[in-house]
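Here is the structure we will look at.
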């Protein structure tokens with residue numbers, strides 16, 4: 001019995017998408033009555049419910065649909081269901097959000113098309129997360145090699161570390177191309193129609209695409225998803241010349257490394273670039289409109305991050321000021337930044353630097369979408385949606401069959417949030433209600449060390465607790481006590497858990513430290529699954545690993561209930 | 001060599017040693033009454049809380065957190081603030097009762113050792129006054145906010161770490177043109193660290209801006225390719241990458257296959273001290289001394305745990321007691337500093353480094369106590385547990401290479417001391433006496449290096465004569 005089970009599993013599990021028949025055979029060979037042993041079966045079931053990952057997608061399908069249909073769907077991208085539409089689903093924008101939605105739609109057997117006006121992959125892959133990670137990987141190593149003290153503590157000696165700017169830039173560019181082609185191939189392999197051109201909505205369930213003008217093609221779709229993303233926000237008064245005054249779009253090409261660069265905005269983008277530039281030898285001046293650097297982070301984490309990421313580095317900052325006017329370098333003059341007080345608007349002097357990076361945030365890219373044709377008014381450019389990503393028109397009514405995901409709706413401007421929203425929409429259009437819990441979506445900032453977070457910050461949690469009348473507790477663990485972190489000589493770090501002591505519910509987790517971005521998922525999954533502290537604290541972590549920082553965090557929480565309560569459905573916001 | 005480094009300074013013993021002898025180290029955490037040179041009204045009632053020196057290598061400290069907040073009543077001995085040094089986070093306590101009137105340096109900010117980080121008022125009435133003072137200071141404190149232009153501060157004297165000077169660097173000198181001084185972020189940090197008035201510098205960078213190199217030049221630091229050598233302990237310096245691309249510093253020919261081994265902290269400190277010693281005009285006087293009597297005495301007392309080091313240190317101390325000028329220090333090039341006690345530092349090679357444990361009051365202790373003390377010091381040195389005053393309080397240094405068979409050598413005078421004695425091996429030597437008879441006696445060569453600004457040839461000669469008499473008639477050593 002045991003042997004036959006494991007045999008049937010091993011034959012079916014490594015099967016890939018292109019090998020449909022084999023899958024079918026493997027399943028057919030398995031007698032219907034034969035049940036997989038408990039653990040394996042659970043794995044299978046959870047995959048079929050939440051099959052976000054590409055490799056497991058197919059294996060899970062045959063459970064409720066006929067194999068033949070799935071195979072056909074894979075080869076021909078389905079046939080549009082009744083109603084006479086060209087497609088079941090058309091996604092405008094092939095960024096990470098659109099891509100996630102397209103893959104899931106094919107899995108659900110929908111005939112899917114994706115429109116791309118620029119390049120597949122969108123901001124994240126071409127001008128955002130992906131190339132910036134390449135720069136951070138290179139500059140992080142540079143920083144480490146230059147830190148003699150750090151190297152010496154390992155007993156290592158490094159003589160004069162140096163870098164080749166073009167080499168670093170090429171690494172970023174090559175990574176972007178590689179991920180872009182991966183994305184394109186994955187959609188092509190599934191048979192998603194990739195249509196080129198900008199899309200304009202003409203009316204309900206109808207849109208056109210093309211290069212503009214008369215050559216445009218009109219298509220119809222049962223459902224439409226807007227996933228057009230965003231562009232760097234440049235406040236007025238700032239003249240971007242792409243050379244000395246730049247946005248993240250230009251900075252990622254790393255065409256030059258200025259001796260002194262001002263970074264306007266100290267959020268994720270600004271922080272990551274300060275990490276890159278200081279490691280490559282630049283000096284950095286932050287200009288932040290709010291009174292605190294790193295707004296948006298949990299204050300305690302922000303404070304620690306400032307101690308580690310700002311103060312010891314060649315960085316200074318002006319807080320509580322706007323850059324009211326930025327003039328690019330020309331006629332032998334440096335970049336001149338005029339500052340005004342953020343509140344009183346009084347002049348606060350000027351800053352003269354070699355370059356300025358505008359990292360003040362991102363603006364939705366929703367122009368030319370034809371939203372006026374369906375009576376939708378954007379709010380500061382964002383497309384208004386409800387919690388199910390359904391677009392709301394000017395009268396506050398839902399526009400049927402129209403959804404908007406990702407940066408364009410402004411709910412949570414993160415690539416993986418867009419993808420999750422897209423999957424949620426596909427779930428809905430294929431007949432299953434789904435509401436995404438945004439509080440379970442983690443976020444990360446890839447400085448050295450990294451910062452990550454999920455759920456509420458401490459002030460947010462306290463405010464919510466006040467309103468709803470519950471108690472909030474905080475517990476913290478330090479990386480200084482973690483064996484693996486100490487082995488890496490990276491003991492600087494903190495993990496912070498915000499929770500309800502009465503129920504054991506996790507309200508938020510914030511991590512600053514080595515590999516924080518990878519560590520956060522234990523917490524975000526717990527929030528998404530509704531797992532409570534009193535349950536997760538019994539989960540075992542390999543020793544010695546950084547994950548023990550979270551293990552300790554959960555164990556140090558003082559929850560008043562001991563027995564595990566039934567799993568609570570995640571609540572959306 | 002006098003200030004050779006100690007890598008571990010346990011916090012507990014630090015604070016206890018402080019409590020017992022709070023006046024020994026001016027850099028220690030003390031609440032000094034304000035001297036009143038700038039605000040003459042304030043006397044004794046408003047005290048400043050200074051950034052303490054938590055380790056011998058600490059030049060600046062970061063405020064981790066304030067345990068007390070503004071307005072809290074403090075009583076003597078309470079922890080007030082957590083300071084992060086280059087080694088660890090430590091609680092710092094107050095020595096006075098009072099009210100924490102103002103926090104000058106906020107959490108997460110850094111301040112050089114000796115600058116005011118907070119203001120302590122004695123009564124509530126003085127809080128507002130203290131606060132006013134705090135604001136005048138915080139403008140020049142780490143936060144790179146708009147400089148307070150009205151504060152016309154005296155020209156900074158680089159050497160004196162008085163609060164008035166420490167507060168000086170940030171304000172720009174020209175009130176009419178605020179923001180005219182353009183300095184890069186790192187230049188500003190360096191200026192603060194080295195107490196350089198950035199307003200007085202002329203920038204040589206692009207667009208006339210002040211660069212880190214300009215500040216280093218003003219601070220008298222040769223812009224070495226690795227700035228860490230100049231300021232080894234500063235955490236900022238080690239954390240911030242030395243971004244300067246290698247500037248092809250020296251024209252030494254590259255020998256293939258060579259490896260570069262960077263200095264340890266201790267070695268860097270030795271190097272720094274050695275270079276510093278070049279500024280002192282030294283001279284050397286040698287003296288042969290017969291050691292038969294000393295050797296005989298040593299054989300006698302050896303079973304009682306007396307070491308040759310203790311014998312030599314005792315002899316030197318006794319000679320110094322008769323020649324106090326050899327025990328002096330020249331601190332400013334203008335005066336003699338007569339040291340009240342005779343503290344013999346003894347150079348010890350240890351794990352690739354060099355440290356000088358100090359036998360304090362060597363003239364007053366007897367041989368047995370000295371030997372015991374020496375044993376303790378060597379053990380502590382091995383365990384890297386010497387307290388700063390156990391390795392940097394020497395007034396005279398003894399260096400002995402005799403055990404290796406070295407017959408004579410020449411020592412470098414450590415900065416801050418007047419003289420150092422280099423002792424060679426004791427060897428059988430053929431000696432002709434005044435009647436022309438030959439005999440063979442043990443002899444060692446002693447060579448003293450001294451600072452000629454304060455110790456002249458005749459002084460040294462007289463000192464050595466006394467020393468040789470003591471060695472040749474060593475009975476007095478055991479008394």
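Here the Cβ of each residue, glycine as well, is placed from N, Cα and C on the backbone.
TrEMBL annotations: computationally assigned, not manually curated.
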**Request:** Choose the correct range: of B:75-127, B:128-180, B:181-233, which one does TrEMBL annotate as region 'Disordered'? Give that range.
**Result:** B:128-180
**Helix, strand and coil totals (DSSP H, G, I; E, B; other) for the domain 'Peripheral subunit-binding (PSBD)' (B:182-219)** = 23 helix, 2 strand, 13 coil
**For the domain 'Lipoyl-binding' (B:46-121), the number of residues DSSP places in helix, strand and coil** = 0 helix, 40 strand, 36 coil
**Per-region confidence, the domain 'Lipoyl-binding' (B:46-121) (mean pLDDT, whole number)** = 80
